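Handing you a structure now.
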């Protein structure tokens, strides 16, 4: 009886233990491959900006030799794309609400294609500026639409991972630009920079075609009253059907569609097609929206005020000041910068959802500060030394590499992830476009003033409305000093 009772109670029955669901840890959902593919395709448009930044850093060496441009013209041609991209990012929010996220991405690739061809066939400085203008519009569109689309498609469990993709592809584009510089550097001067810039048209074609394979954003579909199509997309991009229903309910609420309305096609009032969004963002924002806007614009401002685009754009100049004078060696060193940025951004994508945004951001900023201090020490020592110091050159190179590495694990990707996550659905497109605008303005200002010393800045601002004659005088003095240095070097070479 006792044995039978034991068997009945199952204590010694030999049956396997049955897990109790309430006490089991929740299983982590598998990575949604369809959402991953959609985010991957949309974010690839960011290659366009990365390629332009990377390729221009090397192409400008040969542009300056071929077109005989001044230092001011050099700074303008390198930084002006950021200003032009403002027009694209400002128009992208309204355009994407009008024709959809997918066709806006195709439009961005098409504009950049035209801009790259114009730059490749440029015959003078003015022609080149026209190409920069067109390409800048395309870059502005691509920068705004990629994080918005990704945030709207990605499930909650992988939103941080997928929203970091735009920054991943910016870095990959920078690396491609550096490789292009090195690959075409052996061509004649008048051909090398034209091939570097013109080849940028090729990836834009493949990107525009590839994007056609991805679905439209479910948020945009709901805003158009296409609930049936939105449900199909959400079912494929969510981790479960329950999550898909919750996401659809949230979007319907934001669009002003009653919860009980489940028809495939419904009528949506015009006030939910984008009208009044700017009023809610700027003119009469609620305290919560005002706080969100300050955070989004602020993090974009601080990302670029860190000087990352200047370091990437002018890395050959920085390496030259560090003692690397050969053009090929400078381009190889810049390739190391691109490789480092790309590798560390890949590491960051896997840490965003595990460690969190804030710890990565703080660690990133601290590392960047220490790296810039190291670079300043190295350049100062080299500048005050009458002979080449190998340790100082090594310190400069190591500081630049560590700087871009720390940027890539935190401040780089988190800026795009954070700004695309915090806006309400209705305000997301226009809100993100404001963040991108702040990003590009800050980058443009810093990029176009990179070569100015404190004395030059004081002279320019100290003359108020007469800054143009002062600028011409400074450029004339620079040219005279450059000519004098050239004669000294030639005389020394003759004596040797």
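Cβ atoms here come from the backbone N, Cα and C positions, even for glycine.
Automatic prediction, not curation, is the source of TrEMBL annotations.
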If you check TrEMBL, which stretch out of 4-33, 34-63 is marked transmembrane segment?
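Range annotated as transmembrane segment by TrEMBL: 34-63.
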Using a Cβ distance cut-off of under 8 Å, indicate which of 34-63, 161-179, 331-352 has the most pairs with the transmembrane segment (389-418).
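The listed stretch sharing the most Cβ pairs with the transmembrane segment (389-418) is 331-352.
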Check the transmembrane segment (331-352) against the transmembrane segment (129-149) for contact, please; criterion is three or more CB pairs under 8 Å, pairs 6 or more apart in sequence.
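With fewer than 3 qualifying Cβ pairs, these stretches do not touch.
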Find the average pLDDT over the domain 'Major facilitator superfamily (MFS) profile' (38-496) in the predicted model and report it.
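When the pLDDT values over the domain 'Major facilitator superfamily (MFS) profile' (38-496) are averaged, the result is 82.
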Could you check if the transmembrane segment (129-149) is in contact with the transmembrane segment (34-63), meaning 3+ Cβ pairs under 8 Å among residue pairs at least 6 apart in sequence?
yes
Among 105-122, 191-214, 359-383, which stretch has the most Cβ pairs under 8 Å to the transmembrane segment (34-63)?
191-214
